[in-house]
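> Let me give you the structure first, and then I'll get to my questions.
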Amino acid sequence: MRAPSRKSREPKVDLSVRIGPMELRNPVLTASGTFGYGDEYAHVVPLPSLGGVITKTVTLEPRAGNPPQRIAETAGGMLNTIGLENVGLLRFRSEKLPRLRSLGAVIVASIGGETPGELERLLGALGGEPGIAGFEINFSCPNIARGGARYWAVPRRLERTLARLRPLTRGAILAKLSPDVTSVGDLAIACEQGGADAVTAVNTFVGMALDLARRSSKLSRATGGLSGPAIKPLALQRCCEAARAVRIPVIGSGGILSGLDALEFMAVGAAAVQVGTASFIRPRAALQVLEEMEAFLRERGVRRIDDWRGSAMPSGDAVDEDPGRKPGLRAVTIVRADRSPRNRRGVRSPAFSRGRESRRA
Amino acid sequence: MRAPSRKSREPKVDLSVRIGPMELRNPVLTASGTFGYGDEYAHVVPLPSLGGVITKTVTLEPRAGNPPQRIAETAGGMLNTIGLENVGLLRFRSEKLPRLRSLGAVIVASIGGETPGELERLLGALGGEPGIAGFEINFSCPNIARGGARYWAVPRRLERTLARLRPLTRGAILAKLSPDVTSVGDLAIACEQGGADAVTAVNTFVGMALDLARRSSKLSRATGGLSGPAIKPLALQRCCEAARAVRIPVIGSGGILSGLDALEFMAVGAAAVQVGTASFIRPRAALQVLEEMEAFLRERGVRRIDDWRGSAMPSGDAVDEDPGRKPGLRAVTIVRADRSPRNRRGVRSPAFSRGRESRRA
Amino acid sequence: MTVAVSAWRQVRGRVDQQADFGAGHRWLELRVTAELEPPDPGQFIQLLIPSHASGAFLPRPMSVASVRPLRDGLMLGFLYVPIGVGTHALAALPAGAEVEALGPLGRGFPLDRPGTPVLVAGGRGVAPLLFAAESLARLGRRFELLFGARDRAHLVGLDEARRRVAGRGRLHLSTDDGSAGIKGTVVEALDRLSPRPDHPMVIHACGPHAMLAAVARWAAERRVTAWVAMESVMACGTGVCRGCPLARSARGRAAFGSQPPSLLGNRDYAMCCTEGPVFDSRDLDWERIE
Amino acid sequence: MTVAVSAWRQVRGRVDQQADFGAGHRWLELRVTAELEPPDPGQFIQLLIPSHASGAFLPRPMSVASVRPLRDGLMLGFLYVPIGVGTHALAALPAGAEVEALGPLGRGFPLDRPGTPVLVAGGRGVAPLLFAAESLARLGRRFELLFGARDRAHLVGLDEARRRVAGRGRLHLSTDDGSAGIKGTVVEALDRLSPRPDHPMVIHACGPHAMLAAVARWAAERRVTAWVAMESVMACGTGVCRGCPLARSARGRAAFGSQPPSLLGNRDYAMCCTEGPVFDSRDLDWERIE
Ligand SMILES: Cc1cc2nc3c(=O)[nH]c(=O)nc-3n(C[C@H](O)[C@H](O)[C@H](O)COP(=O)(O)OP(=O)(O)OC[C@H]3O[C@@H](n4cnc5c(N)ncnc54)[C@H](O)[C@@H]3O)c2cc1C
Ligand SMILES: Cc1cc2nc3c(=O)[nH]c(=O)nc-3n(C[C@H](O)[C@H](O)[C@H](O)COP(=O)(O)OP(=O)(O)OC[C@H]3O[C@@H](n4cnc5c(N)ncnc54)[C@H](O)[C@@H]3O)c2cc1C
Ligand SMILES: Cc1cc2nc3c(=O)[nH]c(=O)nc-3n(C[C@H](O)[C@H](O)[C@H](O)COP(=O)(O)O)c2cc1C
Ligand SMILES: Cc1cc2nc3c(=O)[nH]c(=O)nc-3n(C[C@H](O)[C@H](O)[C@H](O)COP(=O)(O)O)c2cc1C
Ligand code: FES
Ligand code: FES
């Protein structure tokens, strides 16, 4: 196994993954807001080699974003309060999309709205657009005054909104969740029941940093969203919790810098991952993640990424169930997998059963 | 102001703070579980010089703790799953307390229970013990199978439990909260209404880290609690949220390494702070935090820590209110301060109004 | 104006040497591979220290202070002040240490504009202007270099400056305490260079924010064009993160006009890292920039 | 046995020099101030690199490999392998760099027990045993030093070992490939030292986990006492965080008896940092230690 000659003769690892109707070459996507509209890094990252490119969240109207200071570094991470600066629906469709299509990227368009109605109008306008493989609904921006993470952290609202969006596209619908909730699992279940093809876990964590000299936030707003390696352990747990709660694929996001980081998310059940802040540090980060992931799997003789996925799902006694929880609630936190409602109905989540198999192998 | 001769002649800064019935020399406490039973660092930290020492959480029975591996470093932080290893009530009372008293420390005893009843028995046994200034109720351990953070993340349960505990001691009651909830403000309000003298915001964040070679958690359990500078921005936001939700003092905890870190928490409304993981890196950390805090305030001519407290409370438009929130809920998230229920009743939180004053000054 | 929006690359660099440069400043020589396009004066590099050797997470933007071609790459010079975690980590790197270099980034000084270039440097802001002086000298163009600081000791890089103006430019010093050159600010030094209608001047300035604001005022009053090198907290340095906005003035908004928002910015905000760091001072809203 | 539970201090240290030591190992000389008590062989130090110069957050435990008194402090020697973020940051430190040193920590080898000390070193585990050899030689005691590694190149510190045994001890080498000493493991080398009833041996071992487990088995079968230097992931190093438990064997639990739980551990778990890192091999449950 160690001789390089043999290794190079080994077959390629099958990295393809399926997210709803999308068949992706590999599970590495760029995270919304960290890769522009997709073309900005195209001279250093050949876009078709990535699993997909998730574009900056687009809103109905263009937004100029929040005033400076918009970012602040913290230990192992950064806070941002960009405030969804974006070109708006019309320019996205007329200028950004054609360029991105011409580069051969698998395009996932991120959309954000302050109300379910706004999201409907956005998806109505883009849902049939050729060349968009899927849509990520940003239910979790911590940096806008209305329609941000807090507004959407209500399971019923998510479910109803997704049910209204579902008919508007045949593309994949990804629901991007905030981590700042008591149970990401509950939100994930609501998304699944509303008809989402996948959930993305997670967006940034809300945080603060002060400038003591000015006795005020370092940012132009009181709070921002924390991203980067600092949040990786937390994002990993939330991703795992979501993956155990639903059967639809979960896409991991939060602090992924390397292929090994990505494999951690997939080992706890993620079907794919997103590379975010890492691209600011190394523009080729997503490609590097992909290469490292493949090299690691090849070296260990893992032929298909599917065999890796879920292979480290915890066995279940991790965090206590809430004994006082009302039975009517659909809540699954990170409790015993075989007690989750899905499993009580005798259905194993694909991630979980796959994990079992590969552990047997 | 710059001449050292003048500076040394300047009067000492008044750092004293009041937490319920406790009058503390200064606002720097050691965080539970990071300073042993208080005496372990006594040869390098004169305990009476600290605001107080919060002892390792004690349970009714001794606990051997979780199996190894119990800790794992992550970017800017560490995960732990100690599992509340402790000597148990009896030995705490007969061996640890007398020693700690003899060292002259202001003692806050941390207690943890899997049920309200266990907490009652603990407080019943310790509540009248001489030399204990207060009790911190650990409502937020992420690392135990039962009675941990998830169990206690239910406002009603917190309120009822505190109401039962309140009569059992004349010492201060601090309720230590988990950050892994949708609204720390809701939990804080429940604690206030249950009769707590203060809330501690926050305990560790639940997280995971994998050992890819073994395809399993690095820890002996699936998840652990994240502490250290990585969580500081998140803890700061939760502390701010709690401070805006209640009138009782809030004690900040999470990633405090320096006096400047501590002053950030106090600027967003904390009445005191706890130094945790920092003590592992520098055993004298709590003392250094205190010294840096005092030096900073003195240099800026701030005479009393009370004038600093709350001086950077955000003005209110930070994070959106949830318009769909049912009016019956007592929830205050980090919304406009003057719309919070307290303030609707015309009562300003002391932290907030003090903040206003010092901004005017 | 140099538009180098997507000519940047991230390449390996190696500390060739670095040393104290007086008054708390450091001079760093970084050897980078040939894939890096040679930067222009005013452009910057994002320096990334390997994560094991630095507590800093994001790369740090640094103006290029000198460029020397090597057989197989470039030797970049940087003049910097260790102030926080990133720059202290940089200062601690011994010769041989690896640093990734992303660049060249942003748009530099438009030195080719007609008129006499007047380079105005305050403190460590001299870094890109040393490079500008060298370029101008190499092109055989005459220029003025105004260099101001708190006191003589803080005129860091003075010898470099002298060497670079030699023959081609004139050096005008100013210090707050009069310990070198005139007693006063660089703006007072500017006053002494009366603009002559037949020889219009174009200012290229870099320095503390207050100095740049004063230069901008001075230039506006005299209808002189002033190009100013701005700073902002940055994450990506490439226009993608949208983290480094600078508010445009009414003139700036009008100039941006109905262009589609782009890497350069939008109608309200210019991105410091792509449209800048060098701006026409009239295009920025100085009231809304701290 | 040295009990140094609360004699530790955290003091300033300065890299005096460090260099490659062969096969990927480094030798570091750290100058520390006089408040640090001189460590005993087997004790360790928590090395803390300033946060700007390291991506590591927690300090890193390192066995002391040599101690030299200085006029105003101590010169500590460490032998280490850069494997992750912390040790790579350490390796990158130039002479003069600051490192905080917390120690001496834990309990070292009980070298004063009656019987011939047999020091058994595997790979980089030689570090504390170099120090032990030096101490024994200084006390004028005879000892055996068994040193094993994969191959000759991995017998890192061999010259040091030779120097330290000189006159007082005997050096027995073993390599997996036979490129130096006997072909085989240190346990096979142990086999060749037949224990003599009149001269009982006491083993002091440090090395990879598998080696220590084999030594423990070997010793148990022959009723020889073996002291083993264990490792564990650590945060505080002082018994406070409870992060470094090692499971006790039935014998270990009995030995701990009804002692109150303390810094040293509780009935089920010994803390590696305070009760250890050196343990009587019979007191640990080797099945439950990875
Ligand atoms: C285009 C450009 C060119 C620059 N050229 C030079 C130069 O030639 N010499 C020099 O000494 N300095 C220069 N700076 C400033 C330099 O980037 C900062 O001093 C440095 O980032 C501070 O990092 P730190 O970790 O030491 O400080 P910290 O305060 O710990 O940094 C914390 C965060 O704030 C950011 N930050 C802090 N101060 C600044 C600042 N003034 N500008 C931008 N970001 C900041 C950092 O990027 C980091 O994210 C330049 C900045 C920019 C934007
Ligand atoms: C008492 C003691 C004495 C030691 N003496 C030496 C020595 O003389 N020479 C030497 O080369 N190494 C020694 N080690 C091991 C050394 O501490 C680890 O190699 C080092 O901590 C790895 O840190 P890292 O950041 O390079 O690796 P990383 O893997 O990035 O470290 C991550 C985390 O795991 C911990 N960790 C990883 N491996 C180990 C390990 N084997 N033991 C303890 N913690 C670990 C680190 O402390 C850190 O918290 C000793 C360990 C202990 C406990
Ligand atoms: C500067 C910045 C801008 C972002 N903008 C968006 C956005 O527009 N829409 C969105 O869904 N997420 C946005 N995010 C969140 C990222 O997509 C990602 O989920 C998050 O940063 C966590 O991953 P990371 O740690 O890999 O960056 C943004 C993050 C950053 C740092
Ligand atoms: C090793 C370790 C053990 C802890 N044990 C306890 C405990 O017993 N009870 C408790 O309330 N909090 C415990 N905590 C949480 C800390 O008291 C503190 O709230 C948390 O670590 C965040 O602060 P920090 O980042 O300053 O460490 C523990 C934390 C650590 C790291
Ligand atoms: S630094 Fe990212 S847009 Fe300028
Ligand atoms: S490392 Fe903290 S108890 Fe041993």
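The backbone N, Cα and C atoms fix where each Cβ goes, glycine too.
TrEMBL annotations: computationally assigned, not manually curated.
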> Which residue of D:Cys206, D:Cys273 does TrEMBL report at the same [2Fe-2S] cluster site as D:Cys236, D:Cys241, D:Cys244?
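Looking at D:Cys206, D:Cys273, the one TrEMBL places in the [2Fe-2S] cluster site next to D:Cys236, D:Cys241, D:Cys244 is D:Cys273.
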> Rounded to an integer, what is the Cα-Cα distance in Å between D:Pro61 (FAD binding site) and D:Cys273 ([2Fe-2S] cluster binding site)?
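On Cα coordinates alone, these residues lie 9 Å apart.
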> Using Cβ atoms only, which residues of the same chain lie under 8 Å from D:Thr87 (FAD binding site) while being at least 6 residues apart in sequence?
D:Arg60, D:Tyr80, D:Val81
> Residue counts in helix (H, G, I), strand (E, B) and coil for the domain 'FAD-binding FR-type' (D:8-111), per DSSP?
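Helix/strand/coil tally for the domain 'FAD-binding FR-type' (D:8-111): 10 helix, 54 strand, 40 coil.
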> If I take the alpha carbons of D:Ser63 (FAD binding site) and D:Cys244 ([2Fe-2S] cluster binding site), what is the distance between them in whole Å?
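If we compare the Cα positions of D:Ser63 (FAD binding site) and D:Cys244 ([2Fe-2S] cluster binding site), the gap is 16 Å.
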> At a CB cut-off of under 8 A, do any of the binding-site residues D:Pro61, D:Ser63, D:Cys273 come close to chain B? List them or say none.
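Near chain B - Cβ to Cβ under 8 Å - we find none.
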> Can you check which residues sit near D:Cys241 ([2Fe-2S] cluster binding site), meaning Cβ under 8 Å from its Cβ, same chain, 6 or more apart in sequence, and list them in order?
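When sequence neighbours closer than 6 are ignored, D:Cys241 ([2Fe-2S] cluster binding site) has D:Ala235 within Cβ distance under 8 Å.
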> At 10 angstroms around each C-beta, which of the binding-site residues D:Met62, D:Cys236 has the fewest other C-beta atoms nearby?
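The binding-site residues D:Met62, D:Cys236 were compared, and D:Met62 has the fewest Cβ atoms within 10 Å.
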> With the Cβ atom as the reference point and anything under 6 Å counting, tell me which of the binding-site residues (D:Gly86, D:Cys236, D:Cys241, D:Cys244, D:Cys273) are near ligand 4.
D:Cys241
> Of D:Cys236, D:Cys241, D:Cys244, D:Cys273, listed as binding-site residues, which ones have a Cβ less than 6 Å away from ligand 2?
none
> Provide, as an integer number of angstrom, the distance between the C-alpha atoms of D:Cys236 ([2Fe-2S] cluster binding site) and D:Met62 (FAD binding site).
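Distance (Cα to Cα, whole Å): 13 Å.
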> Once D:Arg60, D:Pro61, D:Met62, D:Ser63, D:Gly86, D:Thr87 are set aside, which residues in the chain still have Cβ within 8 Å of the Cβ centroid of the FAD site?
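Here the nearby residues are D:Phe44, D:Gln46, D:Leu47, D:Pro59, D:Phe78, D:Tyr80, D:Leu90.
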> Do you know offhand how many angstrom separate D:Cys244 ([2Fe-2S] cluster binding site) and D:Gly86 (FAD binding site) by C-alpha?
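Roughly 18 Å, rounded to the nearest whole number.
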